[in-house]
Amino acid sequence: MNLSVDLAGVTLKNPVMTASGTFGSGQEYSEFVDLSRLGAVVTKGVANVPWPGNPVPRIAETYGGMINAIGLQNPGIDVFIKRDIPFLRQYDTRIIVNVCGKTTEDYVEVVERLADEPVDMLEINISCPNVKEGGIAFGQDTKAAEAITRAVKEKAAQPVIMKLSPNVTDIGEMAKAVEAGGADVISLINTITGMKIDIHKRTFAVANKTGGLSGPAVKPVAVRMVYQAAQAVKVPVIGMGGILCAEDALEFILAGASAVSVGTANFHNPYASVEVADGICAYMERYGIEDIRELIGAVR
Ligand SMILES: Cc1cc2nc3c(=O)[nH]c(=O)nc-3n(C[C@H](O)[C@H](O)[C@H](O)COP(=O)(O)O)c2cc1C
């Protein structure tokens, strides 16, 4: 049985990866999960300099999910290169570095710093709704999205995944724009902008007022958008948004995702990513599917 998938020339042993920002660089989770069982680990977003993130509170629970406004807190590329890459290199998994920035120059600087590092792919986050300049300006305008993709691609040594925002009217147009800019792969969805009010304190549940909604509550929106993006472009698509179990992941794969990311689920079940990989295997056995690629985009 073949579970391996190809993303722009990079072979993943299985289609299951972690979603950026929900798994650190794997350090805490390595107590629970053998990272070598994952197709890839996608790191928390890293910028050219350390970012402090937003004021607290930064997270709140919602029905079927959560709202977060972390604000892309990260230690900056220097610490990341010294600390996180050597850690991940101990495992037999692909390393995908999620990159954030405020300006095109910020993104390009991180991409250049990573050029000689042993990482397999770059995921460019142009879709964080929680920081004013967290890339969302790039992620909601087709011209800006195409331009930043082109700027990153010019300097990138590794294949580039462009991570799209669901906070747009036409996801197919955004997917086409980054493909036109040279994106090797597209990933989606990032979180959906939401709000929660604390009625007892009569204030916003997160200090940033708005935050990004994630978890099972967003899954039907995410599956629809992954389907539409996959229909719109030729490059491979990575699907995410509310995946808790293999059945969820299989919906994304059948809708056109070549790989899937497990995010919020990790917070209440640290084994979720490996369980998804095992469950996909069990599904293939049950239905006599020899090759995962038979399932990718099988529902049209
Ligand atoms: C606490 C938290 C932090 C996140 N940080 C990032 C990030 O740094 N970069 C990024 O591209 N996406 C980030 N995301 C978005 C996730 O990677 C993912 O796209 C989204 O949560 C949907 O998947 P899920 O419902 O499985 O969590 C974050 C999500 C959460 C919940």
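Using N, Cα and C of the backbone, Cβ positions are placed for all residues, glycine too.
What TrEMBL says about a protein is an automatic prediction, not a curated fact.
Under the heading active site, nucleophile, TrEMBL lists Cys128. DSSP classifies Cys128 (active site, nucleophile) as strand under the three-state reduction.
Every protein chain considered, the tally of other Cβ atoms within 10 Å of the Cβ of Gly241 (FMN binding site) stands at 32. Look at TrEMBL and you will find Ser20, Lys44, Gly45, Asn98, Asn125, Lys163, Ile189, Gly215, Gly241, Gly242, Gly263, Thr264 tagged as FMN binding site.
Cβ neighbour count for Ala69 (substrate binding site): 29 (other Cβ atoms within 10 Å of its Cβ, all protein chains included). In the three-state DSSP classification, Ala69 (substrate binding site) falls within coil. According to TrEMBL, the substrate binding site annotation covers Lys44, Asn68, Ala69, Ile70, Gly71, Leu72, Asn125, Asn190, Thr191.
Taken from TrEMBL, the feature domain 'Dihydroorotate dehydrogenase catalytic' covers 3-284.
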Cβ neighbour count (within 10 Å, all chains shown) around Gly45 (FMN binding site): 27
Those recorded positions of Ser20, Cys128, Ile189, Gly241, Gly263 having Cα within 10 angstroms of Lys44 (substrate binding site): Ser20
Span of Ser20, Lys44, Gly45, Asn98, Asn125, Lys163, Ile189, Gly215, Gly241, Gly242, Gly263, Thr264 around FMN - largest C-alpha separation, Å: 19
Integer Cα-Cα distance in angstrom, Ile189 (FMN binding site) to Ala69 (substrate binding site): 16
Helix, strand or coil at Ile189 (FMN binding site) [DSSP, three-state]: coil
Neighbourhood of ligand 1 - binding-site residues from Ala69, Gly71, Asn125 with Cβ under 6 Å: Asn125
